[in-house]
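Undergrad: Marked as domain 'G-protein coupled receptors family 1 profile' by TrEMBL: 33-274. Look at TrEMBL and you will find 22-42, 49-68, 102-128, 140-162, 168-192, 213-235, 255-276 tagged as transmembrane segment.
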Amino acid sequence: ENISDFSSNVTDCTQVVVPEEVFFTVAAAGILENLLILIAVVRNKNLHLPMYFFICSLAISDMLGSLYKTLENIFIILCKMGYLTRHGDFEKKLDDAMDSMFILSLLGSIFSLLAIAADRYITIFYALRYHNIMTLRRALVILAVIWTFCAGSSIAIALFSYEAATVIPFTILFPLMMFFILCLYVHMFLLARSHAKMIASLPTSTVHQRTNMKGAITLTIFLGVFLCCWAPFVLHILLARFCPHNPYCACYMSIFHVNGTLIMCNAIIDPMIFAFRSPELRSTFKKMFYCSR
């Protein structure tokens, strides 16, 4: 509301408001879809592989993002109804907890994508040694380290979010990790291209190579969707911190609700990509629905 009042004073852009019903519907769909992914992986022992565990990590991050927006909207509704105040101690702690959940969702998504990218890289170029390099125990250790780091970082950033020394590293981390993943992709596809030429005469190897490249293409789709859904919100954070008095920045900040909706759309799109790109998951979903019937 402060951003809305301020932007109306420095720019002619009107605040774009997304109905609360849309927020709750999109958030509920995102939570249910990702919960379905988690249940499918738990129930199907054939999916107890490092790659699917990393996918579950991404699904949890998406669920946290949807849950954050849901709680935030409930908080706003309670404030409008007079049950909560905007500047009380309890409300301040609740707001910090929700901000921490949002940052945890963002960091969890970034590092989960990085783990999936590394897993695909090892699968493609170290196929014969993959099961020795990426064991199930090692994957669980990686996930434990990722979520411990993300949880600690989210709490620290939420508590000191008003300090420029905190905001700058947080906003730099986003493009830095995306650049690192992009470099990994470029290296992956260039090497895969050269390998494909070398083994073109081997039918079985070609099939194996196509399967692995399909996983790399799936990951590319994940990354593209993630950038489209999260980058506008990260840009909003930067503009709100460093140029709030600029009319153009204030005009962009008037679409705050739209950027929040994009985050929740990411939680809906990712499970659809899982289902369409993974035959094993599709088969598990069918068995789950048939059994429930």
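These residue numbers are counts, starting from 1, taken along the chain as shown.
Cβ coordinates come from backbone N, Cα and C, glycine included.
I'd like to know what surrounds each of these features in this structure.
TA: Long-range contacts of the transmembrane segment (255-276) within its own chain (CB-CB distance under 8 A, at least 6 residues past either end) are made by residues 3-4, 15-18, 22-23, 26-27, 29-31, 33-34, 36-37, 55, 58-59, 62-63, 65-66, 69, 105, 109, 218, 221-222, 225-226, 228-230, 232-233, 236, 282, 285.
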Undergrad: Could you give the residue numbers and ranges of same-chain residues that sit at least 6 residues beyond the transmembrane segment (49-68) on either side and whose C-beta is under 8 angstroms from one of its C-beta atoms?
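TA: Hits for the transmembrane segment (49-68): 26-28, 30-31, 34-35, 37-38, 41, 98, 101-102, 104-106, 108-109, 112-113, 115-116, 119-120, 123, 134-136, 138-140, 143, 146-147, 215, 222, 263-264, 266-267, 270-271, 274.
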